Every structure is written in C-alpha cells, then in structure tokens.
Amino acid sequence: MTKYVFVTGGVVSSLGKGIAAASLAAILESRGLKVTLLKLDPYINVDPGTMSPFQHGEVFVTEDGAETDLDLGHYERFISTKMRKANNFTTGQIYESVIRKERRGDYLGKTVQVIPHITNEIQAFIERGAASATCGEPDVAIVEVGGTVGDIESLPFLEAARQMSLRMGRNSACFVHLTLVPWVATAGELKTKPTQHSVQKLREIGISPHVLLCRADRRIPDDERAKISMFSNVPEDAVISVWDADSIYKIPQMLHDQGLDAIICEELKLEPKAADLSMWSDLVEKLEHPRHEVTIGMVGKYVDLTESYKSLIEALRHASMHTSTKVNIEYIDSEEIETHGVESLKHLDAVLVPGGFGRRGTEGKIAAIRYAREAKVPYLGICLGMQLAVIEFARDVVGLKDANSTEFDQETPNRVVALITEWYDREGRVEKRTEESDLGGTMRLGSQRCPIKPGTMAEEIYGKDVNERHRHRYEVNNRFVPQLEAGGLIISARTPSEDLPEMMELPRSMHPWFVGVQFHPEFTSTPRDGHPLFKSFVEAALAHQQSRTAAEVGEKA
C-alpha cells in the first residue's frame, strides 16, 4: 500500500517546497523505495498553460503532453519516475470535475459543498495520481501542497490531506512543514516567532507536523532548534535546518545528514536499505571543479526572470557537469539588441535563443542569429529559436526579404512559419486542422519520436531517432523547404506522419555548429545523464573559444 508524505509551506512563498520534496524523494529512492511526487496548485486556472511567465515562471511539459507547474521539472530531475498529467492538478480542475458530476446527477440532488464533495474529489485525485506512477505502485507518494498555510485558497487541500491522513490510519501518512526563520540584521539574530505562528496556524486546521524544515540564510544553531521544538511540539531531532546552498544538488545530502529520511521511514514504518548518495556527491564534485569555462548568451525577452527558463538553465548546468566545463549564462535582452546592435554578443562563446511567443523583441533575436551565423559562433535555437533561425536564413541567405511568421505578421506573403491550422503542404495547398485533427487543435504537446536524416550533425548527437517533448502552435512551412534546402539549410529530422520539420542545421562547410530544434530538449535533461544536445552545444562553445584564443595568440605572435 502506498504511504503519503504531505509537504506544506508557511510564512512566505518561494521557500523551495519543490526542491525539498524532490530532495526527500531522491534520498528515499536511493534507499531502494519506489517514489512518486504530486503537486497540488490552489489557483483556479485549469492549468498554467495560459499563465504569464512573469507570474508563474516556466510551464513544464510532461511526456503525455500536460502543461504543468515547474516543480514537476524538479521532480523529474531528482528521481527516475516520470511525471504525467495526473501528477499535477489545480483548484480549477477539481471544481471543473465536481461541477461536471453535479450536472450529470452523480450527487443525487444533494447540496454540493466544499466538505465533503470538494475535499473528497481532492483525495480521489491524489490517489489517482499516485496510482498512475510510471514506477509501478509506489511505496511513497510525496504530495506538495502549493501556497502558504493561512491562504484561503489552500484550505480545501489542507483539509483533504487531514481527512486522508485520518482515514488511512497511523503510520500511513505524515506531514513535513517548510517555514522561514529570518535573520534580522538590526537585532543580529534569527527569529523563530514566524515559524511558531505558522505551525500554530497549521494545528488550528487539525494538522500537527511530524517534521519542520526551517529555511534560513545560515545554519540554525541547536539552541534555536530546541526553542522551535518546544513551541511547536515537534521533536528536536525533527526540526531540521535548511540553509542557503549554492547548488540545489547539495540539498539531498544536507537533509540526509540531519536524518530526515530516517525520521520519515520510522514514522511510516518502512525498513528500506541504507541511503547511497554517492551519485549526488559526484555531481556536486564535477560542478565545483570544472577544467574549462565558457560564456553562453541567452537572448530572450524574459531575461529578468530566470524562473521562465528554469529547465533550460538546469540543462546547461547538467551539460556543465558532464563536460567538466563551467557554463556562465549571460542573459541578453533582445530589445536591447534592436536598439544598440550586436556589440554585446561579440565576447560570447555561443548563442542560444530559447522558446517564447509574441512579436516583441523578435527582430533583436533575428539580429543575434544573423551575427552567430556570420561570425561562425555556435548557435542553438529552441522552438521559437529554430523558427527565427529559419526566418533569418530565408531573408539573408535565400533572399526572401519579407519572410516572416504569421505570429508576427499576418500579411506576409512568405509565410515560412505558420500556425498549424493555416499550414501549407509541399504543393502549396492550405491544410486546415481542427480540434478533431491528430494534432489536437492549435497546440502540439508532449513527446513525439522522429527519425533523423543519416549523415547529419543531428545523427551524431542523437543517433537514428529523437524523442522529445513539444509545446508550440507554429511550424516551419513545408512549402518553403525546397528553397531553404537549395540555399544550404538541412532539415535533419521530420515527424513520421505529418512530415513536419523537427530539426534544422547548417552543414559544416557553412558553419561549425548551428542547430535549431522545434521541440524542448531541456525537459528531458537530468543531472544523472545530462543531455546529448546540450553536451554537444557546450563542447562546441569550448571549441570555438579555443580556436578564437589560438587565433588571437597567432596574431600577437
């Protein structure tokens, strides 16, 4: 039978519940347990797919095409279990399901209320999510409850967790509460009162936490931990200090050293083998002792909010570990390039244009792509980054000066990138796609396997085929592919059924490393294995740096 660990948060948001939950999962997995994670989001949106990256951060896409919270990305990076749609649900989904049942008459005319109908539905979603785990029936399901204790939106989820714990009985569920212990500079001390009040608020709901994870900018002294223990009624050894670390991959060892996994296993009456965190120690060692260093420019419009590119940043970090190369990411606002030109790119070892949407800043990105192509700087374009690379090539190499995407210019006669529903086939016929089409409307989501063209750089990187996740509405238009190929561009991968371009590259005779991908490879990168595309990209950046350095030395000589 699956046992549950509920992770809640108090005092303030953004303390790192997702990292804490994922780290605990990693430790338990290292002890031989099958583990899955779920994220409960209190907002009323059905999913984060249409939410602004400025408010919500990155939208993480699962293998089965669900648009989910970025914490699911942390889950997949920390454990081997893959996440699915059932691993993340929102208040919006819960109410939608309950209202649908009410309309069908499932409640037999009863008054539908938060208790028991909403809370029962939440429990059903939790159990369904745990049962759908890709690892088989999990020994432990860790459930992260979004929001902060005291928020009105979180109350039904906390009540459902309380009811579920009561229903399942002793040693079947436990609660871990993450709080803030702030350092007050004027007083010169850590303050435990916010944590005391947060636990008090949780106990008012009927939940007594078994473990407290106390976040601070420094290690919490034993006397302060004893004070928190006394006022919160949590054993002192279960008051765990979680201080700021320069890498999230140090957190599993930090929690294990303080006995978190032992406390959880004791509470749930689990007797797994001893933990083996050597993999995490090795990864941290690689991260902290690189042999090389490169600077990669990420050109985008969300550069002030790195949460928007969380998986991408982590994928580059994974490549850093596996190539012994420190990767410095320089965030460059594409609108600044439109105003001031490409001077800010000239010291870079590689250029990356990530996914995005909307017209703002696109001409700056295209200017950056042109610079990378002409200066022979390694370039990686992801999703929109590939589409803009095709547009730049069509304009500046093929000669279609007004080439564009219909996302930015509905009137352009040369629609080299177009919405799926207004897509052209190779004969120039418009292919209409609707909600009933195989692609499911105007968004392509989830994993898709595609064969790779032999003899290409893509084949060197991936092998015979590629299986990556998608999240986009626009596609490279097949009508223009013959002209692009005549100019030298290579379509190195296509979808097997719809014949849609998946990867593009330039031959080495034109450029040493220039690759665009329609999918999002960052979603499948893990610290355990890295990712072949990002490893190749970092290696190309290092090779470019070394060749440039050699040329500069030659000039001085």
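Every residue number used here counts from 1 along the chain in the order it is shown.
Note that Cβ sites are derived from N, Cα and C of the backbone, with glycine treated the same way.
ATP binds S14, L15, G16, K17, G18, I19 as Swiss-Prot records it, and from the list D64, D69, D71 the residue named for this site is D71.
R473 is the only one of R473, R479, R494, R508 that Swiss-Prot places in the L-glutamine site (with G356, L384, G385, M386, Q387, E407). What Swiss-Prot records for the CTP site is D151, I152, E153, K191, T192, K193, P194, T195, Q196, K227, and among S13, S23, S30, S405 the residue it adds there is S13. If you count neighbouring Cβ atoms within 10 Å for each of the binding-site residues S13, Q387, the highest count belongs to Q387. Listed in sequence order, the residues G355, F357, C383, L388, S405, V417, H472, Y474 complete the 8 Å Cβ shell around the L-glutamine site centroid, once G356, L384, G385, M386, Q387, E407, R473 themselves are left out. Spatially, by CA atoms, the recorded positions S13, K227, M386, H520, E522 include one closest to Q196 (UTP binding site), and that is K227.
The recorded positions under consideration are D71, E407, E522. Their Cβ neighbour counts within 10 Å are lowest for E407. Looking just at the region 'Amidoligase domain' (1-270), the mean pLDDT is 94.
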